[in-house]
Amino acid sequence: MRIGVLTSGGDCPGLNAVIRGAVLKGTKIYNQEFVGIRDGWRGVVEGLTMPLDRHSVRGLSKQGGTVLGTSRTNPFEGPHGGPKNVQATLDRLGIDALIAIGGEGTLAAAKRLTDEGLKIVGVPKTIDNDLDATDYSFGFDTAVEIATEAIDRLRTTGESHKRCMVVEVMGRHVGWIALHAGMAAGAHAILIPERPQSVEQICDWAKSVADRGRAPVIVVSEGFTLDTMESAHSEKGLDAFNRPRLGGIGDVLAPIIEERTGIESRSTVLGHLQRGGVPSAYDRVLSTRLGMAAIDSVMNGEWGTMVALRGTDLVNVPFADALGGLKKVPAARYDEAAILFG
Ligand code: F6P
């Protein structure tokens, strides 16, 4: 069997470890052959491939990014897109099945293609940790580590100047990165999309910290909304899947906090730093296991499913279930963290 492997959507620490896990198990145990698809769905649509043998995945598990390249291309768009064209391209390349490693947009496209008869299994990937069907997605742990270290660093400069430091983290419409990094770094307030807050509340937290002689550290998730906002702050248009590009709420909040409280405030947007560099040990292990499990799914012909983590076990979940809903931060988890705010 000849299997095409692609990584699509935003990159994420651990992608290379998934590729390595799949190729090593597939070649060692099942005698499969692999083809790397370059640049996500764009490579499928345009027939862009690269060799992916055992030798080419050597030492990959600790490498950040993706050796295959990625894109946010929608495989249903363009003159060569759509299920018939994609199947014809795969036939021409001699590819029997695809392993698609990606997030919500990637898996939604994979679902539509498998609904049309294409042979695809998925591996969920997102630093946002927002896929309901998996307890954790790889990349999340690394992103939290990076954000935590950044907040620790911002705290020392904030304390020196008695400034309020607003730190914006990624996460799209869920607040997992903010919650975990904020708790780990002892933030004085954590602002997440699941829990809109008023300017008054945020300023009260900042003031109570400053009144104790400390410098407030406020972690805000890019998808957070003030209770006066109708949607998340977005000023960079839409992505290929028509989703708003988020980012910049930290820069909105810092001047408001400064004006209302008199505390000099600065905003730092961590942005893509959270997706770069080497994956954590946890993410390397999870990614490797997911890659190997995806190979079993291919062998069992479980098309239209993705591998997922339940507790410490790996299971198979139909794309339809996996895309059913966002895994939001439960109210109880936020309330628990909020006891320490201010
Ligand atoms: O989904 C992962 C993610 O990093 C989000 O947290 C963020 O909103 C988005 O991707 C950024 O996308 P891009 O890399 O296209 O700017």
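Placement of Cβ uses the backbone N, Cα and C atoms for every residue, glycine included.
Nobody curates TrEMBL annotations by hand; they come from automatic prediction.
Keep in mind that this is a model prediction, so the values were computed, not measured.
Under the heading active site, proton acceptor, TrEMBL lists Asp128. In the shown protein chains, 28 other C-beta atoms lie within 10 A of the C-beta of Asp128 (active site, proton acceptor).
Close to Thr73 (ATP binding site) in the fold, though at least 6 residues off in sequence, lie Ser8, Asp39, Gly40, Trp41, Arg42, Val45, Ala240, each with a CB less than 8 Å from its CB. Under the heading ATP binding site, TrEMBL lists Gly10, Arg72, Thr73, Gly103, Glu104, Gly105, Thr106.
There are 22 other CB atoms within 10 A of the CB of Glu104 (ATP binding site), with all protein chains counted. The Mg(2+) binding site annotation in TrEMBL covers Glu104.
For Met170 (substrate binding site), the same-chain residues 6+ apart in sequence whose C-beta sits under 8 angstroms from its C-beta are Ile127, Asp128, Ala143, Ile177, Ser221, Glu222, Leu246, Gly247, Leu270, Gly271, Gln274, Arg275. Annotation source TrEMBL lists substrate binding site at Thr126, Ile127, Asp128, Arg163, Met170, Gly171, Arg172, Glu222, Arg266, His272, Leu273, Gln274, Arg275.
According to TrEMBL, the domain 'Phosphofructokinase' annotation covers 2-297.
The site 'Important for substrate specificity' annotation in TrEMBL covers Gly105. Neighbour list (Gly105 (ATP binding site), Cβ cut-off 8 Å, at least 6 residues apart, same chain): Ser8, Gly9, Arg72, Asn74, Asp239, Ala240, Phe241, Arg243.
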Cβ neighbour count within 10 Å of Gly103 (ATP binding site): 24
Arg72, Arg172, Arg266, Arg275 as binding-site residues, winner by CB count within 10 A: Arg172
Set of same-chain residues at least 6 away whose C-beta sits under 8 angstroms from Thr106 (ATP binding site): Ser8, Gly9, Gly40, Trp41, Ala100, Gly122, Lys125
Integer Cα-Cα distance in angstrom, Gly10 (ATP binding site) to Leu273 (substrate binding site): 12
Nearest of the binding-site residues (Thr126, Arg172, Arg266, Leu273) to Glu104 (ATP binding site) - Cα to Cα: Thr126
